[in-house]
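So that you can see what the record holds, here are the features copied from TrEMBL:
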type	residues	note
TRANSMEM	7-27	transmembrane segment
DOMAIN	14-456	domain 'Major facilitator superfamily (MFS) profile'
TRANSMEM	63-86	transmembrane segment
TRANSMEM	93-113	transmembrane segment
TRANSMEM	119-144	transmembrane segment
TRANSMEM	156-174	transmembrane segment
TRANSMEM	186-207	transmembrane segment
TRANSMEM	271-295	transmembrane segment
TRANSMEM	307-328	transmembrane segment
TRANSMEM	335-357	transmembrane segment
TRANSMEM	363-381	transmembrane segment
TRANSMEM	402-426	transmembrane segment
TRANSMEM	432-450	transmembrane segment
Amino acid sequence: MQTEKHLTGTLVLSVFTAVLGFFQYGYSLGVINAPQKVIEAHYGRVLADINEDLTTSPHILTMYWSLSVSVFAVGGMVSSFTVGWIGDRLGRVKAMLVVNVLSIAGNLLMGLAKFGPSHILIISGRAVTGLYCGLSSGLVPMYVSEVSPTALRGALGTLHQLAIVTGILFSQILGLDFLLGNDEMWPLLLGLSGVAALLQFFLLLLCPESPRYLYIKLGKVEEAKKNLKRLRGNCDPMKEIEEMEKEKQEAASEKKVSIRQLFTSSKYRQAVIVALMVQISQQFSGINAIFYYSTNIFERAGVDQPVYATIGVGVVNTVFTVISVFLVEKAGRRSLFLAGLMGMLVSAVAMTVGLVLLSKFAWMSYVSMVAIFLFVIFFEVGPGPIPWFIVAELFSQGPRPAAIAVAGFCNWACNFIVGMCFQYIADLCGPYVFAIFAGLLLIFFLFAHFKVPETKGKSFEEIAAVFRRKKLSAKAMTELQDLRRGEEA
């Protein structure tokens, strides 16, 4: 049975509609950077109208601006814990429909920022949009992994990252001062992802509910078969139904797993550690720092319009995410993740050398520029897309919602830490800041090499068996060491 037959119009529509949530996430991440000076100037005028003393201190403006940027991640952290509950309570499709209301509300608050106290409206809008993105970043991988056939699960899972980078690129282009990044149009720029939310809302009405959710959670066998036929076309659904039945029996025996049980049960320990570490490695890899530093490096290299070079990085980002969609099912998740981390490590070292020697050799700026592009390319090969969908692959139906919630919280918390701390670390370390990331990337590479299993083309049951084998071999090794110590004694 060929995998191409699985790629039906309904499956394409369902996955496209779901990943619009990640497009909004990417747009929200990128949109706040370009119009920073324009919005800060507007904040200054608004604060002067409220109280003239407020504008005398630059710290007040910095505080409001930092809050406008970072409150988005706070919203994501808070809501990511409720992903499992809302996904199970309402179903995957209905949950995505309901949470879209948050996105529309948040974008309206930002779009109307000029009609009220803009600093309060933007901070509130960013917080509400963050709440939406926190829920969406858990619900979308859950739904996509459950509707995708095993043969296409990785390729379709990579689309999460493609949607994010496309969202970032859109926000960078629209943020140019002659488009929307100016004093008249910036509220429209901030609120524009509400259009994607509206589109997603109406398209979700056409999407089938996850057959896995219907069969395993609700026991609606006929409805699950019907939806599976819609998603797979003429393919016989019985093989997948049998797999679901197996998973359902396991889920019945293991019951729904709470977040506390996820951490206390030795059965899930290895999978939880892997799930958390892939999220940490995505956020602490230094990719956010690259986007922060790129304009500065391009300026030093003598680029007249560094903002266009930064958009160039965004284009490379998008192109290589498209390439990774095709690579992930051919090369496998683990090998791409390892290759990406090693490539980023080499690029980070090259960037550090380039920045340190820039004062002695002018041509070193080009080494830094090439290193930036390579760093971004390697990120999109593995550490960018894989963490979004591998968590859903590592766990069966019982622990999956709790695992996705915990991994989502971890990702958002790391995002927040990087956002809040990077500026201070960059000021403290100067050109050596990427040496820190190189050290972290080495740790992540070694961890992935020894602990992350290959999930390509494997059922959830087969992946669980890999962890059981690793656990047994680790236990056997410990017992053997204890035996040897006993003999020596």
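Just so it is clear, glycine is given a Cβ too, placed from its N, Cα and C backbone atoms.
Here the transmembrane segment (93-113) has Cβ contacts under 8 Å with residues 18, 21, 24, 86-87, 121-122, 124-133, 135-136, 139-140, 143, 187-188, 190-194, 197-198, 200-201, 204-205, 207-210 of the same chain, all six or more residues outside its ends. By the Cβ criterion (under 8 Å, sequence separation of 6 or more), the transmembrane segment (156-174) is in contact with the transmembrane segment (7-27), since 3+ such pairs are found. Here the transmembrane segment (335-357) has Cβ contacts under 8 Å with residues 278, 281, 285-286, 297, 324, 327-328, 364-365, 367-368, 370-372, 374-375, 377-384, 386, 430-432, 434-435, 437-438, 441-442, 444-445, 448-449, 452, 454 of the same chain, all six or more residues outside its ends.
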